[in-house]
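To start, the structure itself, in structure tokens.
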Amino acid sequence: MGSGKTTLGKALSLKKNVPFIDLDQYIEMKEGASVRRIFKDRGEIYFRKIESYYLSELLASQEDFVLAVGGGTPCFGNNMQLITDSTEMVVYLKYQPKSLAERLLQEKHLRPLIADIVDTDLEDFIRKHLFDRNPFYMQAKYHIPMDGLTDVEGLKAIERVIDAPKSSSI
């Protein structure tokens, strides 16, 4: 949530000349409604079910592509297992809660999970979610510390990881 997955994913896909897919945008296209609207009208449980369905659909149907998933995606059902079974190139863009809160304050209204949270409570909310989600995030093969990096620096860090020889340890 707010780590730059979509921004960096788009940039990476251009550099690697492969398609970029944002799972939330894919869901919106398939469902004909925004993620926010789906959350509001049908609830999070419904959203997580269709999210898993569309994730499976994408992973089964595409060859090389860059996929950005929502921050909660790896934490529900067998989503993380689906992702790690389909590729070794799973990257966790790791931020400290304070940095994420600063990044998310300006776009809170666009994110259903945090839209109604008081600004002063946002960092604690993020801290709790990161604590809960960390076991799933840690299953990613690569963890990139993003605090203090610009988008350009973050993209370079991702490229170093995915372009490294397979035998190297990062």
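Residue 1 is the first one shown; counting continues down the chain.
Just so it is clear, glycine is given a Cβ too, placed from its N, Cα and C backbone atoms.
Feature annotation from TrEMBL assigns ATP binding site to GLY2, SER3, GLY4, LYS5, THR6, THR7, ARG111. Listed in sequence order, ASP22, ALA68, VAL69, LEU93 are the same-chain residues six or more apart from LYS5 (ATP binding site) with CB atoms under 8 A from its CB. A helical conformation is recorded for LYS5 (ATP binding site) in the three-state DSSP classification.
Other Cβ atoms within 10 Å of the Cβ of THR6 (ATP binding site) number 16 in total over all chains. Annotation comment: TrEMBL describes THR6 as Mg(2+) binding site.
A C-beta separation below 8 Å, combined with a sequence spacing of at least six in one chain, links GLY71 (substrate binding site) to MET1, GLY2, SER3, HIS129, ARG133. When secondary structure is read from DSSP and collapsed to three states, GLY71 (substrate binding site) falls in the coil class. Sequence annotations record features per position, and here TrEMBL assigns substrate binding site to ASP24, ARG48, GLY71, ARG133.
Among the listed binding-site residues, namely SER3, THR7, the Cβ with the most fellow Cβ atoms inside 10 Å is that of SER3. Residue pair THR7 (ATP binding site) / ARG48 (substrate binding site) shows a Cα separation of 23 Å. On the backbone, the CA of GLY4 (ATP binding site) and the CA of ASP24 (substrate binding site) stand 14 Å apart. Annotation for ARG111 (ATP binding site): spatial neighbours MET1, GLY2, LEU104, criterion Cβ-Cβ under 8 Å with sequence separation of six or more. Every protein chain shown contributes to the tally, and the Cβ of ASP24 (substrate binding site) ends up with 20 other Cβ atoms within 10 Å.
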